[in-house]
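Working notes, beginning with the structure itself.
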Ligand SMILES: O=C(O)C1=C[C@@H](OP(=O)(O)O)[C@@H](O)[C@H](O)C1
Ligand SMILES: C=C(OP(=O)(O)O)C(=O)O
């Protein structure tokens, strides 16, 4: 792809669907790989991150057949079906792959070497390595095991009670996956509820998961039983066309079959509070996940404050929320979002720089940013910095920028949203 040119547009309309949910696609491959029996996955996201997950599990001997771009058949042989990999497990750009897979590897009685790309090498792994060591896994790596490359020798785990300092589904899921292979009970508490796809999908795979207000716990030595998974559209991907329709004059879009898990729908709540005309039509449940259509129209928006428990419910949508905020009246304040600094890029610094480059008034803070809205954006060239969400946020800004935007290194978008450019060209 290289360069993506997004022109200023006067109207967007149509009925579309977005690619499968990335979080659910990763989990379908991982859980299918360690379950007993055959798992069919439909609506799988064939983005680079989920393909990395698939390759890692293939390297551990799991048979995963890709019957079409979005359908997989996984032959699981239980936890013991995983074999010592002869090659390094390369997670590419995917934080979800490495952190969840480490939880699985921690319980396996073999050695595995794990690495990823330049961005993964900057992201903190100690948040999972420390508790996994407390459970009994041997994990070594750069900077005392804080960063990739890592090496794991698993097995002989004991359950722990972990109080996570961050609301992170990757930390929670990692420890639950290790806990399922441990002796005794593993319990994880987090400061705010993070996405709960792991809890829902484990339950669907026949695992007993105990949840209460403070946390989640599993008993060890549990088997997963294969089942079919239908993956809904990714609300984090849908957020880009939704944002686009909200800010582009005369627009109206319908997005079909989007995942509406309440731990993920913070962006819809915030856009509505800003004055966004968004209608949600629930249509059913797929593998324990609520699904429905979203209908969105161009709206007159006002700024607002976003922080606290809302942040984990829209963490990946903050770059595009910031773009929308430049078009709202008044100020938008985003706080409690320091986690953004350890994503694919430092998304606070990179988003603020991107918007300033387009003439917006944005101030970075320690844990977020302040955006003064009502700005007519000026087109420019923008770098994705190799971060898919930054590339897409820049493209959406281009729809309302004088002269449009050219996104450099736009191939990063394939990490989560293959077909992004074609989809927008059809609207
Ligand atoms: O568990 C998951 O699938 C994810 C959890 C989140 O990360 P953290 O757990 O680091 O917050 C999110 O940002 C990421 O895109 C996907
Ligand atoms: C942070 C993200 O993903 P991951 O942590 O899996 O790399 C993302 O998709 O925005």
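Cβ from N, Cα, C; glycine included.
All annotation found in TrEMBL is predicted automatically rather than curated by experts.
Bear in mind that the values here come from a model prediction, so they are computed numbers and not experimental data.
Under the heading domain 'Enolpyruvate transferase', TrEMBL lists 8-422. The annotation phosphoenolpyruvate binding site is assigned in TrEMBL to 22, 95, 123, 170, 347, 389. TrEMBL lists 22, 23, 27, 168, 170, 316, 343 with the feature 3-phosphoshikimate binding site. What TrEMBL records for 316 is active site, proton acceptor.
Sequence features, as recorded in TrEMBL, placed on the structure.
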residue: 23; record: 3-phosphoshikimate binding site; CB count, 10 Å: 30
residue: 27; record: 3-phosphoshikimate binding site; CB count, 10 Å: 27
residue: 95; record: phosphoenolpyruvate binding site; CB count, 10 Å: 20
residue: 123; record: phosphoenolpyruvate binding site; CB count, 10 Å: 19
residue: 168; record: 3-phosphoshikimate binding site; CB count, 10 Å: 23
residue: 170; record: phosphoenolpyruvate binding site; CB count, 10 Å: 24
residue: 316; record: 3-phosphoshikimate binding site; CB count, 10 Å: 23
residue: 343; record: 3-phosphoshikimate binding site; CB count, 10 Å: 20
residue: 347; record: phosphoenolpyruvate binding site; CB count, 10 Å: 26
residue: 389; record: phosphoenolpyruvate binding site; CB count, 10 Å: 28
Requested in this report: For residue 22 (phosphoenolpyruvate binding site), just count the other CB atoms lying within 10 A of its CB, please.
Outcome: 24
Report summary line: Span of 22, 23, 27, 168, 170, 316, 343 as binders of 3-phosphoshikimate, largest Cα separation rounded to whole Å, comes out at 19
**Report entry** Rounded inter-Cα distance in Å - residue 170 (phosphoenolpyruvate binding site), residue 27 (3-phosphoshikimate binding site)
**Finding:** 11
Report summary line: Integer Å value for the Cα distance linking residue 95 (phosphoenolpyruvate binding site) with residue 343 (3-phosphoshikimate binding site) is 8
Requested in this report: Using a Cβ cut-off of under 6 Å to any atom of ligand 1, determine which of the binding-site residues 27, 123, 347, 389 qualify.
Outcome: none
Query raised in the report: Between residue 347 (phosphoenolpyruvate binding site) and residue 23 (3-phosphoshikimate binding site), what C-alpha distance do you get in Å?
Result: 19
**Report entry** For residue 123 (phosphoenolpyruvate binding site): DSSP state (helix, strand, coil)
**Finding:** coil
Query raised in the report: Can you list which of these binding-site residues (123, 316, 347) have a Cβ closer than 6 Å to ligand 2?
Result: 316
